[in-house]
Each structure stands twice: as structure tokens, then as C-alpha cells.
Amino acid sequence: MKIGILALQGAFAEHAQMLEKLGIESVELRNLKNFQQHYSDLSGLILPGGESTAIGKLLRELYMLEPIKQAISSGFPVFGTCAGLILLAKEITSQKESHFGTMDIVVERNAYGRQLGSFYTEADCKGVGKIPMTFIRGPIISSVGKKVNILATVNNKIVAAQEKNMLVTSFHPELTNNLSLHKYFIDICKVA
């Protein structure tokens with residue numbers, strides 16, 4: 001099994017380290033040719049945290065947005081953390097247009113405020129158990145469609161969800177030593 005990691009910005013190296021600990025090979029995807037070259041060998045894709053507006057702009061400039069969107073729309077498993085969650089959202093409250101727009105969620109960017117508003121907590125996550133959660137100016141999911149399964153909440157705010165083969169978190173599981181969510185994603189990839 002091999003997992004692609006969008007490597008335009010953000011914590012892509014940390015996701016690769018998590019996968020390595022699980023014995024899973026990964027490949028960094030930096031441009032369209034790179035994505036096309038590896039796509040048929042991939043079992044899934046991770047969209048890491050970072051700055052969603054910058055990543056969205058790069059995806060468009062590198063002509064990667066539509067091919068990746070088509071793959072996700074056809075059932076290709078994807079795990080979006082923080083900015084990756086925003087990229088997948090059907091609607092972003094502070095923006096006119098979405099990026100991939102494949103997941104039936106409405107997202108509020110930077111809901112957890114500035115860098116100083118970042119925090120760490122632990123909470124239960126369906127299918128995984130109690131896990132550590134590191135929030136860095138994280139978004140929140142303000143509403144979900146009928147087919148979206150809410151996996152975790154913190155202070156009554158949705159911070160993890162799944163719709164079919166799309167898994168998202170507002171927090172950064174790659175910045176902890178807990179492999180549970182990455183294992184959960186690998187299980188999604190195995191049955192996809």
C-alpha cells in the first residue's frame with residue numbers, strides 16, 4: 001500500500017513519519033505530473049494542514065485541483081487535516097467559492113482564533129477511542145449533510161467527521177505520537 005501526501009505546504013513530512021511508523025509507504029505529491037505518475041499506485045491521499053487559501057491557489061496554478069477533485073469524487077480515499085478539511089468542504093463561510101467541495105460540510109476557517117489561541121486537548125473519536133488533539137488556528141465544521149458521520153466534538157463543536165471515503169479533522173493528529181487516526185484512514189483505504 002502507498003499513500004500520496006499533498007506536499008505544497010504544511011505538515012506533509014509529519015504525515016509521512018506517521019505512515020512510516022505504521023509500515024506504510026508514502027509519496028509526496030508536488031505537481032500534476034507527479035500526481036499523474038503515482039495516482040494508479042496510490043491507495044489514498046492525505047491533504048495536510050497549512051494555509052488553505054495558499055494551498056488552494058497553488059492547486060489551481062499547478063492544474064492539480066480538477067484531477068484530484070475527480071479522483072475524490074469517484075471514491076478515492078482522502079484524509080484532510082485542518083487546511084485539508086477546508087479544501088474538502090462544500091462551503092466555507094468566509095469565502096465565495098470552495099476548493100474541492102467534495103464533502104457535504106460547512107466550515108468556518110480559523111474558528112479557534114490566532115496562533116495564540118491554539119490548544120491541546122483529548123477527546124473521544126468514534127471508531128478510534130480517546131485521542132490527543134492539537135489545534136492550531138483550527139477550523140470548525142459548523143454543519144454537516146445527512147450522509148456525514150460526526151466522529152468527534154470538542155466544546156460542542158464538530159472537529160472530526162467522515163463521509164464515505166473522506167475523513168477530516170480540525171486538528172493535527174500528525175503532531176502527536178498517537179497513530180489511531182492514521183490507522184483508521186488506512187482501514188478506509190483497504191476497503192475502498
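The backbone N, Cα and C atoms fix where each Cβ goes, and this holds for glycine too.
These figures come from a predicted structure and were not determined experimentally.
Pulled from Swiss-Prot:
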BINDING   Gly50, Glu51, Ser52, Arg109, Ile136, Arg137  L-glutamine binding site
ACT_SITE  Cys82  active site, nucleophile
ACT_SITE  His172  active site, charge relay system
ACT_SITE  Glu174  active site, charge relay system
Distance [Cα-Cα, Å, rounded] between Arg109 (L-glutamine binding site) and Glu174 (active site, charge relay system):
20
To the nearest Å, how far is the Cα of His172 (active site, charge relay system) from the Cα of Arg137 (L-glutamine binding site)?
11
Using all protein chains in view, find how many other C-beta atoms are within 10 Å of the C-beta of Glu174 (active site, charge relay system).
28
For the recorded positions Glu51, Cys82, the largest set of other C-beta atoms within 10 Å encircles the C-beta of Cys82
Can you give me the Cα-Cα distance between Arg137 (L-glutamine binding site) and the residue listed as 'active site, nucleophile' in Å, rounded to a whole number?
9
Would you mind pulling the longest C-alpha to C-alpha span across Gly50, Glu51, Ser52, Arg109, Ile136, Arg137, which the record has binding L-glutamine, in angstrom?
13
I'd like the Cβ neighbour count for Arg109 (L-glutamine binding site), meaning other Cβ atoms within 10 Å of its Cβ, all protein chains included.
20
If you tally other C-beta atoms within 10 angstroms for each of the recorded positions Arg137, His172, the top scorer is His172
